[in-house]
Amino acid sequence: MTKQIITLVGRPNVGKSTLFNRLSIRKKAIVHDLPGVTRDRKYTDGKIGSFEFLLIDTPGLDEHPNSMGERLIEQTTKAILEADLICFMVDGRSGILPDDKLLSSFVRKYNKPAILVVNKCEKAFDFDKEYYKLGFDSMIAISAEHGTGLIDLYDEIIAKLPEEESIKTNIADPIKGDCLQIVVSGRPNAGKSTFINALINDERLLTGPEAGITRESIEIDWQYKNNHIKLIDTAGLRKKSTITKSLEKLSASDTINSIKFANTVILMIDALAPLKQQDLNIASHVVNEGRSIVIVVNKWDLVKESEKEAFQEEFYYQINTHLPQVKGIPVLFISAINKQNIEQVLDACLKIYKIWNKKITTSKLNEWLNFTTEAHLLPLQKGGRRVRVKYMTQTKTRPPTFKLFSNNPEKITDSYTRYLVNNMREAFDMPGVPIRFIYVKTKNPYV
């Protein structure tokens, strides 16, 4: 039996994301006092008491001046249809507003079990008749921020969804295990959410022409060719100098944190926007974090056929020039909106993930090391003795990391290290992943 689903619904800024984080087994949502922070429905494993469930956070619904309002309603409707129980949230400080009344009617028409959750009740709270007029038979007052009232909420949830029907499973660790975590990153409006929607064949994420629609990292569990994949859509990363609002700073921090714990990062680039320093900065950050990377140029269908060859030539030149430390990064040209070449992206991710996890035997490493250092000798030290790398071994994967033992590691130049790394990349077929060398001084300086 699968876990039962609880969906949080309400107008903006009533505290849905705060309660989402409070009930989640790990923090997921950005919390900010600006209305409308959440724009997609988000899923997490939740727990209250001994009762485990799947929890959905939804966008705050209000009157939007453009087409985004319809898209937000669509996201919320899908979450309501999935739900076994709805927690309809209102703000106990501001009281019942016209939007609350409209939304309660919208929710009740689906005839789902529901609880009215009055949030931000740090002090004793009395329900007046306005709350009863919303039409819910179960009401509870809580403070999601301070954690008060959660025992009462637990009792109400159990009354609606008996505890014995839940499955008390252990939640998989988000980083370890066989789940491949793929983070989709890039500048705003590159088509990251459109790409994920095309992959999973569902309008799971809010998309549109407005830059910056995605404001926080959204995780989606998915299966591809018998591989368990977690797709993570992130907020677009702007230059630091252009990030002025505190919400954007939170979104950028959330994106950077997602990259830190990714297995593979897809760097999405808009074919209609020239490759900029910010794209290269993001790629460098991914590499510095030791993640594997796949570069995807989206909106390829909008580039004129006569210009594509020159575009690719210049693009590869820029990548190879500015990211020489990771030669062979996979680059794919796609159209997310037309679903052109999108599966090739996942195939590239699976391939580079295997390289990122590659383990090389010590015997093969040292056979390669002897041949490579003899072909290009290290410099002489004072006194005529040559700098040598005597021995090496692989200490870890993800990324491949090697320890090299030398009689004088301080004399090994960066250019010689690049020579070794590039030679290793070719010899062991390791394109596009960071390779790290750690030099250790041997106890005997004469070896």
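Glycine too: its Cβ is placed from the backbone N, Cα and C atoms.
From a predicted model like this one, the values you see are computed outputs, not experimental measurements.
A sphere of 10 angstroms centred on the C-beta of Lys16 (GTP 1 binding site) encloses 29 other C-beta atoms. What Swiss-Prot records for 10-17, 57-61, 119-122 is GTP 1 binding site.
Shown in sequence order, Ala271, Lys308, Phe333, Ile334, Ser335, Gln340, Asn341 are the residues of the chain, 6+ apart in sequence, with a C-beta less than 8 angstroms from the C-beta of Trp300 (GTP 2 binding site). According to Swiss-Prot, the feature GTP 2 binding site maps to 186-193, 233-237, 298-301, an assignment based on sequence analysis.
The annotation domain 'EngA-type G 1' is assigned in Swiss-Prot to 4-165.
Per-residue pLDDT, averaged across the domain 'EngA-type G 2' (180-357), gives 81. Swiss-Prot lists 180-357 with the feature domain 'EngA-type G 2'.
Swiss-Prot lists 358-443 with the feature domain 'KH-like', giving sequence analysis as the kind of evidence.
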Whole-number Å distance between the CA of Cys121 (GTP 1 binding site) and the CA of Thr234 (GTP 2 binding site)? 32
Let's check the environment of Gly10 (GTP 1 binding site): how many other CB atoms sit within 10 Å of its CB? 28
Three-class DSSP assignment, Lys192 (GTP 2 binding site), comes back as helix
Which number gives the other C-beta atoms within 10 angstroms of the C-beta of Asn189 (GTP 2 binding site), all protein chains shown included? 21
Counting every protein chain present, what is the number of Cβ atoms, excluding its own, within 10 Å of the Cβ of Cys121 (GTP 1 binding site)? 20
Work through the binding-site residues one by one (Gly10, Lys16, Thr58) and name whichever has its CA nearest to the CA of Thr234 (GTP 2 binding site). Thr58
